[in-house]
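Everything on this sheet refers to the single structure shown next.
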């Protein structure tokens, strides 16, 4: 199974360690195409168009998209929008921080599955339940 | 001409006045479907799914999508992703703040037109040039 993991890059560096842990967990279910999301180093050798085209190709190739949607991100929202039109199964995970939840556009989209979680163990449980049937 | 204006709602309240001014400008070119984006009051009477479904319907109905992409936003990214698959003309406007530009996924997408601007007058000039041919 090919997994596209999506998380905020420029806006969400505070969550990089969490992304890395989720990616590590996801690797037991398949190949994570976007392992770099869990790295604190941003690759600056690629142009924006190269990054865009590679990422859209990876979404196309993937069997499932897992998005961490706690931190607002244009890129993550964009990838979810594209993935919906590609009819990919999409699982969104988010935490509520200071009473702020994730976007209404994400929570209100019936074409994806959106789960709130409080800590990494809960996130792993959600992934287990969701991915064991895929 | 029906115009879908997209801007950050929950994350971008600091830009509401700017959105309101852009919407006011856009009204001379056509009908702005999303006039509420320029309001400081968030409508809480609708469910997330109602908001999502209405907004996607408006993107479908629109002749052009104008997105202000300075503030990271899942909803704005999502709408751009959906609009691309609907083959809508998309114009993105952004400011560079504290050396931070907009997302690589937006700037690197060849299916939309992305413009940096420094103040509202420049934004109006860009809209004039882009919209007079539509």
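From the backbone N, Cα and C atoms, a Cβ is placed for every residue, glycine too.
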Same-site residue for substrate (record: TrEMBL; known: B:4, B:5, B:6, B:7, B:8, B:9, B:10, B:19, B:103, B:104, B:105; options: B:79, B:125)
B:79
For residue B:6 (substrate binding site), what is the secondary structure by DSSP, using just helix, strand and coil?
strand
